[in-house]
Every structure is written in structure tokens, then in C-alpha cells.
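Worksheet: one structure, shown below.
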Amino acid sequence: MSVVVSTSAPLLPASDTNTVTSTFSLVDYVVFVLLLVLSLAIGLYHAFRGWGRHTVGQLLMADRKMSCLPVALSLLATFQSAVAILGVPSEIYRFGTQYWFLGCCYFLGLLIPAHVFIPVFYRLHLTSAYEYLELRFNKAVRVCGTLTFIFQMVIYMGVVLYAPSLALNAVTGFDLWLSVLTLGIVCTVYTALGGLKAVIWTDVFQTLVMFLGQLVVIIVGSAKVGGLRHVWEVASQHGRISGIVLDPDPFVRHTFWTLAFGGVFMMLSLYGVNQAQVQRYLSSRTEKAAVLSCYAVFPCQQLVLCMSCLIGLVMFVYYQEYPMSTQQAQAAPDQFVLYFVMDLLKDLPGLPGLFVACLFSGSLSTISSAFNSLATVTMEDLIRPWFPQFSEVQAIMLSRILAFGYGLLCLGMAYISSQMGPVLQAALSIFGMVGGPLLGLFCLGMFFPCANPPGAIVGLLAGLIMAFWIGIGSIVTNMASRMAPSPPNISSFSLPSNLTSVTMTTLMPSTTLSKPTGLQRLYSLSYLWYSAHNSTTVIVVGLIVSLLTGGMRGRTLNPRTIYPVLPKLVALLPLSCQKRFHCISYSQVAAMLSRLYPPLPLLLPDLPDSLPSLSFLLPSSSHYLSEPGPSPSNCPGFYPQGSADLVGRRVSAQRGA
């Protein structure tokens, strides 16, 4: 995942970049075109293979027969966009290796989706992640979640297409709109015709191109400056090798805690509940394959992060020995990597083209994933529920039309991005603002059985309001603090492996002249805590509203939509501790309650699930049980036996009253 990296200097608009340091050779153009041709060929191969026999399941879910490795590489490519390839090395070049500690969050950020979100989603046999919200709450919550996701992705996909094209144009003179139109059209064609299988296999190819392009830069660059050992020594001498900063202040942009733990929530918003990733999990042939694909992303993510950081260090040492030109020194940080690559590889025909192919592989993989996921949620969440009479042929045609439509919309958003000027920073930031509230909505449903539909909707709205309040406030404060107006710009940001870690880095100024106070202090919250803050807002507000509106009383709760947190935690304890918390099943609690107090089972969808957290305060007893309960390891939704005592005491108290 790429994480957003803030930059204080804007990208220059295309009209202001009349002087370029390098131009493409014929060989470079051939390499770049070859990327597009091969990507299109892979997509068309899967489109025309079995043409006429395709089903909606094949188009949207790759027939749920994908193996582990291609899914893992596609998961990686989806959020490893061009902005990450440009942004992370620039971050390391300017501020040092503190950002490298983001890799610490990858462990929990991928382990939790593998063992919490994937099992729940996979066993429900979903197509859209937002189907879960209807199964857990109701159709209104599902529609709210879907519309929020569509808004997030539509804003984002135009920017992710336009931003790298603008940077490339500024540095190399590569025609801006030719690259935008070429990428948009190629991506739209193979995504619409080939569906998810074409997207996944082109992602695999584009991931390999990204690895190769970055590896070439590291090898050639380190060889030119004296090797990686020399790179590390020079970087250390100039203070670019950062130690562990243990400052717990959440308003400090990058600390160990911010990167290692704040980054977990950012990862969860991308790899846990984002439709682009969930769709890939669900396309796996088995649940085990889906989990293994999530595991496989971990070493790949670490490798990508290391390569990006090494490029930043090599670039720093290179410019210590070969100082930047005046034009390069005045460029936006987003352009540093491209200037460096053009300087480094200018005497090696074809290699600049390979790096540009690497850059645009990031864009292609991200945009194609956006098109496919948007077409899927629109079809499954907004059209099929209202028009179930569609035949298979009609559904396939409509799905392809939707993908084409989102492709054209992406090109339109790219044009709008070119006209937005400073407002573009806000557009970039919207992606990060929305991810946290959506994560909170899914966590509210999955971990809190008492949460109800009114609580979910109000909580989501509260989270979005909080996100936009702090996010937009940060942008406005940052703009107001600048001494002089800036030209239209794009801030550099690295998205957690791409669809963006949080474009929120763009919200944070690189330096602070004075310590902010009041609301400005709140606006200076580190961008990596945004997902945590906004998702927590959704959960807290959602629970309060749910409790005030009666919880799940009178509503049906699907037990498959709940993740049994307490049983899983108890199962991790030593056996000696587990024996203290003998469990009983839901049915046993229900039977016991019906004998004690016949009307009480009507409240069961709300009552039993709230008992485990309180029952640890009471001694264990089997007084109300006619048979021992199942063991924690065999009972996915058990209730500690003390729960029976607690229920009995509540019933007795009510009778006495």
C-alpha cells in the first residue's frame, strides 16, 4: 500500500514547464508502447476466451476460481499506484527513513483482514462488500455504504490518472493529454471486456513491470555512486537514517507509534473493507486461498517499501555528488524521482522508457481496479436489487456498459482535475477522508451485535462529517499559513499501497513555524491517525444511537454477520485459563431463559451477545445448565458460563421488581 506523503511544493502546471531536461528516445517510446500493447492483449485474451459463454459471475468475480499468487499480486498492485512510486522516494529524500517504519503496520494490517474480515465475507458468499451491510442491518445502510464508496472512487480515479501524467509532462515533455487518453482508453477496454479475471492477470504483469523498473533504478543508481554500502554511509553522515521516534504525540506527523499503529487502521480501510480488495478475496477458489493471498501480500509490501526507500536514499546520495540544476531544485517534490531517473538513465536507451512503463503500470492497475469495483457495486447494490428480472445476457451487457461508463467518467474527472488548481489537493484528500468512516461502519456491524440500522446510518454520517471537518480544516489552515499564493498543484502522496494509504499526507504541512493551538491543533492531527479517529467516531456514535433506539430488540440478527471476538480471544489463552471460562451455546442460553422467564427470549437478538463482556465479573457456574457447554475451540459463538448466572440474576431482579 502506498502511503500518502505530504509535499509543501506544488507541481507546476503543464503550461509552465517549457524547459525539460530530457526527452524520450525512440527505444523508450517502444518500451512504453509495449507495456500498453501487452496489457491490452492480456485483457482481450481473457475477454474473447469463451466469448458468448460468459456469465455475470465470470465477469465480476472471475468465476471464483482464482489461485493464491495472482490474487496476491493483484492485491498489491491495486493500491501501489504511480503516486506511491513518485511520492515515497521523495519523502525519504527530503525527510529520511522514518517513513520506513510504516512496514511495522503491515503485519496487523494484513493479519486482521485475513482472520476477521475474509472469513466473514467469504462464508456469506458475497459479490459486493456492501451486501454484508444489508445482511447485517438493512437495505438503506447498504445503499448508504455503496454511495459513499462510489463518491470516494469517482473523485480519486480521475486524479490518479491525471497526476502522474502531469508530473511526467513537466519533466520529460511527454504529451500530457496523449498519455491521459491512452491510459484511460486502454484500461477501459480491457476492464470492460475482460472483467475481473483480465484485471487480475494484467495486474500480475504490471506488478512485475513495477518491480523491474524500480530494481533497475536501484542497481544503476547505486553502481554510479559507489554501491549500497556507500549509499548507507553517506545517508547516515547527513542524518537521513532515522532512529525510532517514540513520541506518543498524535499531532507529530511521523513517529513510530503513528506509523506502526495509526497505519494499521489505514491498512484495514484498504485491505479489510475496500471493495477493490474484497472482490479479489472473494474471487479465490477457496477461503484458504483467500487467506493465503492476504499473507502473501505481506512480504511483497515489505519489498516494495524497501525498494522505494532505497530509491530515495540513492537519489539523495546521487545529488550529493551531482548537484541538481536550478530547474530541478525549484521543482515540486513529486517531480524529483522523474528528474533523477532521467538524469541517471539518459545514456541507457530504453531504461527511461522502462521506468515510465513502471510508473504507468501503477496507474493502470489502480484505475482498472477502480473501474471493475465500481461496475460491480453499481450492478449488485443499486441495479439488481431493484431489477431482479434481468437475464444473464442483459446483466453481462449492462456490467460492461457500466465499466465503459466509469472509464469515460474517469477521463472526465481527469479533465476536471486539470482545471481545479489548488482545490485539487482537497479532491486528493477526499479518498483518505472516506476510508475511515467506511471501516468504522463495517466494524460496528461485525463486532457489536447491539448495533442497529439507525445507529449505523447516524454513525456513518457523524464519521463523514468529522472526517471532512478536520480534513478540509487542515487544508484551509495549511493554505492560509503560506506566505504567498501557490500555483495550481498536486501534492505528493503515497497511498497505502495504493488506492492510497491516506491521501491525508497532503493535508499536513512539511514544517511548522509555531505550535498550533485550539482548533488548529486538532487540524494538525497526523494523517495516519485519520482512519482511526474517523472509524472510532462511527463506532461510538453508532453504539450510542443504537442503545437509545432499542438496539436489535424486535429485529432479526443474522449470526453469520457477527465476528465472535470474545471466544477468539479466550481461545488464545493458556488451557488453564480457558477452563475458568467454560462456555455455553446460544441455544442453551435460549432454552434456559425460556424456562426461567418465557417472554425474555424475545429480547435474545439483543441480550445474549452483550453478556460475555460482563460475565467475567461473576464466578463461573453451571447451575442453570442441564449439560456442559462446548469448548471454546469448538464453539465459534460461545458465551461464558457465567453469562447464565448473569441472565438468571437479571430475571430474578425483574421478577422481584
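Glycine is no exception: its Cβ is also placed from the backbone N, Cα and C atoms.
Pulled from TrEMBL, these are the features on record:
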- 29-48: transmembrane segment (TRANSMEM)
- 68-88: transmembrane segment (TRANSMEM)
- 100-122: transmembrane segment (TRANSMEM)
- 143-164: transmembrane segment (TRANSMEM)
- 176-196: transmembrane segment (TRANSMEM)
- 208-226: transmembrane segment (TRANSMEM)
- 255-273: transmembrane segment (TRANSMEM)
- 294-319: transmembrane segment (TRANSMEM)
- 351-374: transmembrane segment (TRANSMEM)
- 395-417: transmembrane segment (TRANSMEM)
- 423-448: transmembrane segment (TRANSMEM)
- 455-476: transmembrane segment (TRANSMEM)
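Most Cβ pairs under 8 Å with the transmembrane segment (29-48) belong to 176-196, among the candidate stretches 68-88, 176-196, 208-226, 395-417, 455-476.
Across 68-88, 143-164, 208-226, 395-417, the stretch most heavily in contact with the transmembrane segment (351-374), judged by Cβ pairs under 8 Å, is 68-88. Same-chain residues lying 6+ beyond the ends of the transmembrane segment (143-164) with a Cβ under 8 Å from its Cβ atoms: 11, 81-83, 86, 128, 130, 133, 180, 183-184, 274-275, 334, 359-360, 362-363, 366-367, 370-371, 373-374, 377-378, 381-382, 406, 409-418, 424, 427-428, 430-431, 434-435, 437-438, 441, 457, 460, 464, 490, 499-500, 503. Looking at 255-273, 395-417, 455-476, the range that has the most CB pairs within less than 8 A of the transmembrane segment (100-122) turns out to be 255-273.
Note on the transmembrane segment (395-417): residues 54-56, 59-60, 154-155, 157-159, 161-163, 165, 180-181, 184-185, 187-188, 191-193, 195, 367, 370-372, 374-376, 378-379, 383-384, 424, 427 of its chain, located 6 or more positions outside it, place their CB under 8 angstroms from a CB of the stretch.
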